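Participant: Not my notes, these are from TrEMBL:
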- 61-83: repeat 'WD' (REPEAT)
- 84-119: repeat 'WD' (REPEAT)
- 128-169: repeat 'WD' (REPEAT)
- 170-211: repeat 'WD' (REPEAT)
- 225-259: repeat 'WD' (REPEAT)
- 304-340: domain 'SOCS box' (DOMAIN)
Amino acid sequence: CKTSERKSRSSKAEARSRGVAKEKTLECGQIVWGLAFSAWPVAEAGETDPTCTVGLPCLILATGLNDGQIKVWEVQTGHLLFSLLGHQDVVRDLSFAPNGSLILVSASRDKTLRVWDLSRDGRQVQVLSGHVQWVYCCSISPDCSMLCSAAGEKSVLLWSMRSYTLIRKLEGHQSSVVSCDFSPDSALLVTASYDACVIMWDPYTGEQLRTLRHVPLHSVLDYSSEVHTSSLRSVCFSPEGLYLATVADDRLLRIWALELRSPVAFAPMTNGLCCMYFPHGGFIATGTRDGHVQFWTTPRVLSSLKHLCRKALRTFLTTYQVLALPIPRKLKEFLTYRTF
């Protein structure tokens with residue numbers, strides 16, 4: 001942006017004609033708490049789709065606002081597509097279905113989740129009630145079969161994305177759960193809590209597979225009484241499913257290998273609140289309370305053939321279907337992530 005500011009008007013026009021990215025501001029009119037991107041399907045010849053140019057997909061951005069509204073924008077033009085009304089309090093998190101169906105799930109401080117269908121003019125499909133605290137986080141599984149929600153309670157709720165009914169409550173944390181994420185093959189679910197633990201679950205059976213404990217590193221950090229080391233803030237899977245990233249109030253970003261119980265990499269950071277892997281791996285973005293986004297390089301490894309096969313199989317086989325296969329027990333344990 002600094003470079004483009006120094007350009008003349010003619011050079012700016014030339015840059016726009018070449019499709020160079022330029023600074024853009026979407027005026028939401030409220031504090032923005034949640035963001036989610038999705039691609040609008042390509043418009044076919046003969047269709048009258050006001051959103052996208054024929055033959056060209058476009059990027060849309062949903063914004064969760066302080067007054068309970070959700071505004072959905074076409075990013076390239078800044079055109080407001082929808083104002084979704086229904087929530088009675090802050091919209092804290094948003095998640096699009098990964099299959100491109102334009103199904104959007106919103107999580108709010110009004111203690112509900114709501115399901116919207118943007119392909120049907122933003123119609124509200126369902127209201128999911130069951131939490132007794134503010135809903136902080138929602139995550140849709142990559143196979144679009146499940147939805148996980150965390151609401152500052154000691155448990156998380158797992159919902160069916162087909163029937164929009166509650167599948168089960170996952171209990172195991174000793175304090176508020178504030179973040180959740182599915183593995184790329186939908187076979188694992190991780191939850192992060194203020195109890196300083198990340199629990200790895202089998203979402204199909206509700207079984208706890210592993211607990212990752214955040215042990216303070218006194219040799220690295222100078223703790224003060226103001227630092228609450230028990231406060232985990234965010235957890236996310238890497239795109240290939242071999243690593244986890246966590247952000248905690250002990251001023252560390254941690255990278256965990258799926259097969260190990262201790263972190264393989266650390267990065268010092270202050271005021272961290274959230275983390276997200278770059279879609280193609282290799283980098284992590286972290287957001288902080290003081291208004292910064294920082295980028296970090298992360299460990300990269302070539303996925304083994306075993307892991308690629310497991311990932312491919314688990315993308316369309318549930319845990320119960322794997323256990324029913326006529327294969328050796330050790331192979332079943334590997335395919336269901338029980339060989340840690």
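Cβ atoms here come from the backbone N, Cα and C positions, even for glycine.
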Participant: Looking only at residues six or more beyond either end of the domain 'SOCS box' (304-340), which have a C-beta under 8 A from one in the stretch?
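Facilitator: Those are 142-143, 184-188, 200, 202, 204-205, 209-210, 240-242, 259, 261, in sequence order.
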Participant: Could you tell me the mean pLDDT over the repeat 'WD' (84-119), as a whole number?
Facilitator: 94
